[in-house]
Amino acid sequence: MASTIPIVTLLIVMLSCHAANAQLSPNFYASSCPNLQTIVRNAMSRAVNRETRIGAYILRLFFHDCFVNGCDGSILLDDTATFTGEKNAVPNRNSARGFEVIDTIKTNVEAACSATVSCADILALAARDGVALLGGPTWQVPLGRRDARTASQSAANNQIPSPFANLATLTSSFAAKGLSTRDLTALSGGHTIGLARCTTFRGRIYNDTNIDANFAATRRANCPASGGDNNLAPLDIQTPTRFDNDYFRNLVARRGLLHSDQELFNGGSQDALVRTYSNNPATFSADFAAAMVRMGNISPLTGTQGEIRRNCRVVN
């Protein structure tokens, strides 16, 4: 009998350690806000029907939120005279969009369940729904995040992966967040939707050699060597408003728009996985969904940490 005591003690320690990582649950609001997911889905459906790019906007917001001190809604905070947020960090300035959609969802959620659901959770759900509405996979979103009272422009400038990064830099950026190279490649597949500004891919189409010549010429027509910084091009030249695996087919054909995209298929460690995703959309979809859950688990505020913001743009 005495020999069972250490085992019981060990189980308690293991369970308590696991509990620290298990505070998020898809059922977190099952009783406190039972219609939450329907409210978010309906608002996203209306928004995407009005403008398909909304799906890409919200997915990017979630990515940029999670990579800066965890998925805590900090990217949603406005700058004020006494507060510097993340919206004007280099990766977000003039390019982060979709905030009004989150505002609308938050208003609808507050009407149903006041002061209950965090902006961080709303963003996580909206990102999932945007992907699904454009033909991508769906997944259960663990919930229970709370909202940050702070933000970090410097962390946004330094921790969000750059479109100019090489594979080694991308790998280390993701590893710093507890994400694998498989997660990196799967999540990069989010670039199957959305548009990029000329300033982010000019170096790629004028200087890179691992690029299809016809593709480069097509892109140069709308992205001059100087000027036109905000001219837009689709990240996926084939189906820019449908969430599919064409992004990976483009990489195999050397038609990745960003330097960081083509780095995933350039004689390196991710070539085989890119080929797999290019040939097997189901594998990509499953890996993308799993990677989104892992990214959504980066350093959430839970329990009594942070707050439940009434307005996603300002701390209470």
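Cβ coordinates come from backbone N, Cα and C, glycine included.
With a 10 A radius on its CB, His64 (active site, proton acceptor) counts 22 other CB atoms from all the protein chains. Taken from TrEMBL, the feature active site, proton acceptor covers His64.
Counting Cβ atoms from all protein chains shown, Val68 (Ca(2+) 1 binding site) has 28 others lying within 10 Å of its own Cβ. Among the features that TrEMBL reports, Ca(2+) 1 binding site is placed at Asp65, Val68, Gly70, Asp72, Ser74, Glu86.
Annotated substrate binding site per TrEMBL: Pro161, in sequence order.
The heme b binding site annotation in TrEMBL covers His191. In sequence order, Leu235, Asp236, Tyr247, Leu257, Leu258, Asp261 constitute the residues six or more apart from His191 (heme b binding site) in its chain with CB-CB distances below 8 Å.
For Asp244 (Ca(2+) 2 binding site), the count of additional Cβ atoms within 10 Å of its Cβ stands at 19 [all protein chains shown]. Taken from TrEMBL, the feature Ca(2+) 2 binding site applies to Thr192, Asp236, Thr239, Asp244.
The disulfide bond annotation in TrEMBL covers Cys33-Cys113 (among others).
Packing around Cys66 (disulfide bond) is summarised by its Cβ count: 28 other Cβ atoms lie within 10 angstroms of its Cβ, all protein chains included. For Cys66-Cys71 (among others), the entry in TrEMBL reads disulfide bond.
In sequence order, Gly73, Leu76, Leu77, Phe99, Ile102, Asp103, Lys106, Cys119, Ile122, Asp147 are the residues of the chain that are 6 or more apart from Cys312 (disulfide bond) and have a CB within less than 8 Å of its CB. Here TrEMBL flags Cys119-Cys312 (among others) as disulfide bond.
Its Cβ placed at the centre, Cys223 (disulfide bond) has 25 other Cβ atoms within 10 Å. The disulfide bond annotation in TrEMBL covers Cys198-Cys223 (among others).
Taken from TrEMBL, the feature domain 'Plant heme peroxidase family profile' applies to 23-316.
If you look up TrEMBL, you'll see 1-22 marked as signal peptide.
Marked as site 'Transition state stabilizer' by TrEMBL: Arg60.
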Cβ-centroid neighbourhood (8 Å) of the Ca(2+) 1 site, Asp65, Val68, Gly70, Asp72, Ser74, Glu86 excluded: His64, Cys66, Phe67, Asn69, Cys71, Gly73, Ile75, Ala148, Ala151, Ser152, Ala155, Ala156
Distance, Asp244 (Ca(2+) 2 binding site) to Cys71 (disulfide bond) (CA atoms, angstrom): 25
Cβ neighbour count within 10 Å of Thr192 (Ca(2+) 2 binding site): 29
Shell list (Ca(2+) 2; ref centroid = CB of Thr192, Asp236, Thr239, Asp244; cutoff 8 A): Ile193, Gln238, Pro240, Arg242, Phe243, Asn245, Asp246, Tyr247
